[in-house]
Amino acid sequence: MAGARALGFKGCRKIGGSQIRNLLNAKDFFLFDCDGVIWHGEEAITGAPKVVSSLIKHGKNVFFVTNNCTRPRKNYVNKFYRLGFTDVMQEQIFSSSYCSALYLRDVAKVQGKVFVIGGEGVRNELLQAGIPFVGDEDAPDGTIFNCALASDVKAVLVGHDDKFTFLKLAKASCYLRDPECLFLATDVDPWHPLQDGRILPGSGCLTAALEVATGRKAMVIGKPSPFMFECISSQFRVDPAQCLMVGDRLETDMLFGANCGLDTMLTLTGISQMKTAQEYRDSDHSTNQSFVPDYVVDTIADFLPAFED
């Protein structure tokens, strides 16, 4: 099946009923973002577990691509199961922390230590990949003037870190003075929504601080970089024309799909809404077209009637 853009669709096409059924029949691979698409925090989106289970039972290949680097894949499996997604296995989960470890091991083939700004998710995936790392060895009263700098640091990896300090920023800046030291970011998400209208600054804020301090730009592993799709393609035989990327963030998920040559679908249960998508669609700036979804649904629960006989 040719992609929606190739068929001349302008984008932002809200679909339902038989249109969804036809789309699901035409696609073999479904890539889902997690936060805002299949769950909110510790609560599954209504109908999402049944959608995932039905896709798998109908022989579809389902993957989860998330920029959330705060937990290792094995913990994601536990969360899926806890929220009722009992068909999901670890090999279906591609987080930015897991893909960062794959990049360092298999692509960069880093020979040395990685300085980590990040939490358990990043550290666990590096450990599983056999990559030595350093990051939290300083005394509480340590400063950049008296702390030790590790030898043989060949890469700096920045992810979400709720224990981020000025000292970590300073040490990372020192390591990156070496032009041969790699500078990677799990993702550049600016913020994440919390309850009561509050927000949580994302990994992108920490990466931006280090970019300013060093005058260097990080290589981004997570969405919208295509590397996460390359990770899937390296492990499974995936045809981009047979893929549908489903997400809730235009500037991340839809751009990721566009960068990888995938049809895209925006679900309105998360951050981005129809009005913003339409503004991008109607913009005179050609770069904004990559943010426009091919299809829009209110929720992925709209898939459910397509599985009924």
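Counting begins at 1 with the first residue displayed.
Yeah, the Cβs are placed from backbone N, Cα and C, and that goes for glycine too.
These come from TrEMBL:
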type	residues	note
ACT_SITE	Asp33	active site, nucleophile
BINDING	Asp33, Asp35, Asp248	Mg(2+) binding site
ACT_SITE	Asp35	active site, proton donor
BINDING	His192, Lys223	substrate binding site
Shortest C-alpha distance to Lys223 (substrate binding site) - which of the recorded positions Asp33, Asp35, Asp248
Asp33
Could you state the CA-to-CA distance between Asp35 (Mg(2+) binding site) and His192 (substrate binding site) to the nearest Å?
9
Just name the winner among His192, Lys223 (the binding-site residues) by count of other CB atoms within 10 A of its CB.
Lys223
Using the Cβ center of Asp33, Asp35, Asp248 as the Mg(2+) site position, which other residues in that chain lie within 8 Å, going by their Cβ?
Cys34, Gly36, Val37, Ile38, Thr66, Gly247, Arg249, Asp253, Gly270, Ile271
To the nearest Å, how far is the Cα of Asp248 (Mg(2+) binding site) from the Cα of Asp33 (active site, nucleophile)?
7
Rounded Cα separation (Å) that holds between Asp33 (active site, nucleophile) and His192 (substrate binding site):
14
